[in-house]
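Asks: Before anything else, here's the structure in question.
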Amino acid sequence: MQAAAYINSPTPPFQSASAHSMAPLLGKTLALSWALPMMMILSMAPSVSSRTRRYTAPTVSRLTDLFPHLSIDQAFNSSFGSSNIQLMGNGSAAYLSLSKSSGSGLASRNKYYYGFFSAAIKLPAGLSSGVVVAFYMSNGETFPHNHDEIDIELLGHDQRNGWVLQTNIYANGSVSTGREEKFYLWFDPTQQQHYYSIIWNSHHIVFLVDNIPVREFPRSGAFSPAYPSKPMSLYATIWDGSEWATHGGKYPVNYKYAPFVVSFSQVEAAGCISDPRQPPPTCTMKSSVSTDPVQGQDFTALSNQQQSAMAWARSKLMFYSYCKDTSRFKVMPAECR
């Protein structure tokens, strides 16, 4: 999560879970006295013209329908800002908030080596410049000097532009070479939940929004040295990225509009559970071949329909790719040549 001025991880500045004691969530209970004020906060956010790019998205297969949803209180711990985390729906959903005192984050109790990872996310409404919502994988706590990372970051907006999707990949501590690509969204992500997903296996990494692939990073050729290769935890966070998130830090977080609240639900993590200090397991899921995210045919290669949808997304919505940034790289990364 680093570029010229990018932060090394969505826990700013990369704070390990031990720094926050990895405190367990407080269980499923949520007092109504908290829930009602939170609903009021969500409904009172200032109105903003986000200039959402309105397109009719292509039809694709719904990979998010294939796997069970995790119980957040059973599958995750608080990684920081536990007082800003509230559970809903008997632990099936979580509200994470950013206040002036702290952001907040969840970290999976399991570590995974390959799989399909997804969440339905509804972003904060109103002015949100400088706010970063991240759904990502990392092993930085276990491998602080050579960590891997697969990032979905949603960057808050100013009065003129909507939320931006940023994807990024690191391998073996290569944080000096951020591989960012940025996209506008074709919907208003503050009105309802939308799916943000990652496929990671020995064939490729794919980033998807509402099941539409927007980026594929293959594990082949020049891409291989930059390919994440160690087990990782799954994280969901919201935090202050004022230094870089909106127009390179031009617009910081305005805490007059705090708290900024994001909801996570329908979380899926279907993959090989692994001990990062042991050799990576060789495994496939105990399900039908077509729904195996490690070696299943729906996950090891994009279908013609998915390739067409990805071409649509990249032509209509992508506005930045590191491979096109000649002012940033004197020598372009090998996979860009």
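Just so it is clear, glycine is given a Cβ too, placed from its N, Cα and C backbone atoms.
Copied straight from TrEMBL:
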type	residues	note
ACT_SITE	GLU149	active site, nucleophile
ACT_SITE	GLU153	active site, proton donor
DOMAIN	4-264	domain 'GH16'
TRANSMEM	25-45	transmembrane segment
TRANSMEM	112-137	transmembrane segment
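Describe each of these features in terms of where it is and what it packs against.
Replies: Of all the Cβ atoms in the protein chains shown, 25 others lie within 10 Å of the Cβ of GLU149 (active site, nucleophile).
Within 10 Å of the C-beta atom of GLU153 (active site, proton donor) sit 24 other C-beta atoms, taking all shown protein chains into account.
In the predicted model, residues of the domain 'GH16' (4-264) average a pLDDT of 83.
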